[in-house]
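Straight from Swiss-Prot, the features:
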{"type": "BINDING", "residues": "D8, D9, S39, N92", "note": "divalent metal cation binding site"}
Amino acid sequence: MRILLSNDDGVTAPGIQTLAAALREFAQVQVVAPNRNRSGSSNALTLESPLRSETLANGDISVIDGTPTDCVYLGVNALMRPRPDIVIAGINAGPNLGDDVIYSGTVAAAMEGRHLGFPALAVSLDGERHYDTAAAVTCRLLRMLSDAPLRSGRILNVNVPDVPLTAIRGWRVTRCGSRHPAQTVIHQQDPRGKPLMWIGPPGAKQDAGEETDFAAVAAGYISVTPLQVDLTAHGARGRLAEWLGRVDKGGAAW
C-alpha cells in the first residue's frame with residue numbers, strides 16, 4: 001500500500017511523525033506537508049505565486065508556505081511516484097468535529113485527495129497527548145479497508161479520544177454536530193500602539209445529540225463521519241424552484 005500523508009500542523013508536528021512511523025511498519029509512506037502550521041486554512045490553494053519544496057533528511061517533503069491542499073495536489077501530481085493508493089491527513093492536534101470541518105486544513109487535505117480520485121481519511125486527536133492511540137486506530141482502520149474495501153466515494157473524518165488505547169470504547173458512525181456562531185475578537189496593540197485583533201475560540205456546542213461526532217468522542221468512542229465534496233442541498237432544490245417561479249413575476253424578461 002502506498003500512502004500520501006499530509007497535515008495542517010506542519011511537517012515536523014508530533015501527530016504526523018507518530019502516524020508516519022506507525023504506517024511505515026506495513027506501507028510505503030510519503031509525507032508531503034506544510035513547512036509551518038497552517039491550521040484553519042480550509043481548502044485554500046496557492047495560485048498567485050510559485051511553490052518550493054524541500055526534501056528533509058528523513059525523506060519527508062516540506063512545501064514552503066504551502067497549504068494542506070497545495071501539499072496533496074503537489075504530492076499526487078508531482079512529488080510521489082508512483083502515485084498513492086490512498087491519501088491520509090493527520091494526526092491533527094485537536095479535534096475536527098461538527099462545523100469545525102469547514103475550516104479544517106486536515107479535512108481539506110483529505111478532501112483534496114478525494115477530489116483527485118483517491119480514497120481519503122482525515123484523522124484528528126481530541127487533545128495533544130495520546131498520538132499513539134490515534135496512530136493505532138488509523139492503522140487498524142487501514143487494514144480493515146485493505147481487507148474489505150469500502151467503495152463509498154466519501155471522505156472518512158475520524159476523531160479519536162485523547163486516552164490510552166485500552167480506554168477506547170469502540171467505533172461510532174456519526175454525523176457532524178454544530179456550534180453556536182463564534183463572536184469573540186481579542187483586541188491588543190503592537191509596540192507602536194497600532195491595533196491588533198485575534199480571532200477567538202469557536203462557539204459553544206449547539207447540536208451535540210447522541211448521533212453526533214461530539215457525543216461519540218465525549219463518550220470515549222472513535223467517531224467516523226462520512227463526508228462528501230458535493231455541497232448541494234438536494235432537498236432544497238424543489239422548494240427553491242417553486243419559490244423562484246412564484247416570486248419572479250417578470251419571468252425571463254430582463
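Using the three backbone atoms N, Cα and C, a Cβ is placed for every residue, glycine included.
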D9 (divalent metal cation binding site) falls, by DSSP collapsed to helix, strand or coil, into coil
Across all protein chains shown, the one of the binding-site residues S39, N92 with the most other Cβ atoms within 10 Å of its Cβ is N92
S39 (divalent metal cation binding site), DSSP three-state class -> coil
Taking the centre of the Cβ atoms of D8, D9, S39, N92 as the divalent metal cation site, the remaining residues of that chain with Cβ inside 8 Å are N7, G10, A13, G15, N37, R38, P68, A93, G94, S104, G105, T106
